[in-house]
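As recorded in Swiss-Prot, the features of this protein are as follows:
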ACT_SITE  GLU141  active site, proton donor
BINDING   CYS27, CYS111, CYS209  [4Fe-4S] cluster binding site
BINDING   HIS56, HIS89, HIS139, SER237, SER238, ASN239, SER281  dimethylallyl diphosphate binding site
BINDING   HIS56, HIS89, HIS139, THR179, SER237, SER238, ASN239, SER281  (2E)-4-hydroxy-3-methylbut-2-enyl diphosphate binding site
BINDING   HIS56, HIS89, HIS139, SER237, SER238, ASN239, SER281  isopentenyl diphosphate binding site
Amino acid sequence: MSSTDTLSGQVAAADAEILLAQPRGFCAGVDRAIEIVERAIAMHGAPIYVRHEIVHNKYVVEDLKKKGAIFVEELEEVPSGNTVIFSAHGVSKAVRDEAAVRGLRIYDATCPLVTKVHVEVAKMRQEGVDIVMIGHKGHPEVEGTMGQVERGMHLVESVEDVRRLELPDPERVALVTQTTLSVDDAAEIIGALKAKFPAIREPKKQDICYATQNRQDAVKFMAPQCDVVIVVGSPNSSNSSRLREVAEKRGVAAYMVDAPEQIDPAWVAGKRRIGVTAGASAPEVLAQAVIARLRELGVTNVRALEGIEENVSFPLPRGLNLSSAA
């Protein structure tokens, strides 16, 4: 069968193969955040409240709901005396203070690499330095980082924003970035900031996290070998969206799916090489489900590409040790 409307059967080219990006899927921060929720439920019983989606992935959130997690956007939705978990994206100082004042039991699932940026911001503001943050307006990580201090933060999303930016003292300025940005886009904006503010201070180590960079590099390597790329990730996942953009910028059609049934057979019709990757918040079970769906469409071979092997882990918060959660 050759119709692109076919639900299964031979749609892809007869010799089609799947190329699997390496690395892909969960990063250490996401693994840690999910484990924090699961252990908190095991220790304290359901329900456990989580402020914002623990990570931006529908499958993960729905799975944790079944286990007893309740996701809220504001602390006022958490009844007094209950447990609240801050999502991997981090929260503002005001949210943290409110939770403490209300006497809520707090577990902080903020990714340690996001916390590193929070520490940088607080330190530089204590020194009287204005801070330019490169990030996406409205993203919870950006709101959390901007909310570490009361003033002196300036958000830019583009080179054009940099052109319009005016600061009180161009000699006392520093930059930080959202951890899930496009490495290439961030580099362009950083270049514009350096040109406009030559004295601008950069972090000793870039804020874009290792997992974001590794997954983008893997797509840069994979995309030129592919006729089409499928990214496993939810629409509200910043890092997953960046992977799709990275492939598209290399001239390859790229699509993002939350579930295998979202794959349009027309995407792979007649295609010989189909790249598959997954955002840092997307579980491997979804990537494997996508592979299974592509097999239904006639792809018989799967080839894992070479790439970086990640061996990163982060410690859990105090009180969530193995013996307590057993």
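Glycine residues also receive a Cβ, built from the backbone N, Cα and C atoms like all the rest.
Projection of Swiss-Prot feature records onto the structure.
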residue: CYS27; record: [4Fe-4S] cluster binding site; CB count, 10 Å: 28
residue: CYS111; record: [4Fe-4S] cluster binding site; CB count, 10 Å: 26
residue: HIS139; record: dimethylallyl diphosphate binding site; CB count, 10 Å: 17
residue: GLU141; record: active site, proton donor; CB count, 10 Å: 24
residue: THR179; record: (2E)-4-hydroxy-3-methylbut-2-enyl diphosphate binding site; CB count, 10 Å: 29
residue: CYS209; record: [4Fe-4S] cluster binding site; CB count, 10 Å: 26
residue: SER237; record: dimethylallyl diphosphate binding site; CB count, 10 Å: 25
residue: SER238; record: dimethylallyl diphosphate binding site; CB count, 10 Å: 24
residue: ASN239; record: dimethylallyl diphosphate binding site; CB count, 10 Å: 27
residue: SER281; record: dimethylallyl diphosphate binding site; CB count, 10 Å: 32
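When the binding-site residues HIS139, THR179, ASN239 are ranked by how far their Cα is from the Cα of CYS111 ([4Fe-4S] cluster binding site), THR179 comes first. Here the CA atom of CYS27 ([4Fe-4S] cluster binding site) lies 16 Å from the CA atom of GLU141 (active site, proton donor). Checking each of the binding-site residues (HIS56, HIS89, HIS139, THR179, SER237, SER238) against CYS209 ([4Fe-4S] cluster binding site), the C-alpha distance stays within 10 Å for THR179. According to DSSP, the residue listed as 'active site, proton donor' is assigned to a helical segment. If you take the Cα of SER237 (dimethylallyl diphosphate binding site) and the Cα of CYS27 ([4Fe-4S] cluster binding site), they are about 13 angstrom apart, rounded to a whole number.
For the pair THR179 ((2E)-4-hydroxy-3-methylbut-2-enyl diphosphate binding site) and HIS139 (dimethylallyl diphosphate binding site), the C-alpha distance works out to 11 angstrom. Applying an 8 A CB threshold to same-chain residues 6+ apart, the list for HIS89 (dimethylallyl diphosphate binding site) reads HIS52, THR110, CYS111, VAL114, HIS139, PRO140, GLU141, GLY144.
On its own chain, HIS56 (dimethylallyl diphosphate binding site) has SER234, ASN236, SER237, SER238, SER240, SER281 as residues at least 6 apart in sequence with a Cβ closer than 8 Å to its own Cβ.
Taken residue by residue with DSSP, ASN239 (dimethylallyl diphosphate binding site) is part of a helix. The two recorded residues, ASN239 (dimethylallyl diphosphate binding site) and CYS27 ([4Fe-4S] cluster binding site), have Cα atoms 11 Å apart. Of the chain residues outside the isopentenyl diphosphate site list HIS56, HIS89, HIS139, SER237, SER238, ASN239, SER281, VAL55, GLU141, THR180, ASN236, SER240, GLY279, ALA280 have their Cβ within 8 Å of the site's Cβ mean position.
Residue annotation for isopentenyl diphosphate gives HIS56, HIS89, HIS139, SER237, SER238, ASN239, SER281. The furthest Cα pair among them is separated by 15 Å.
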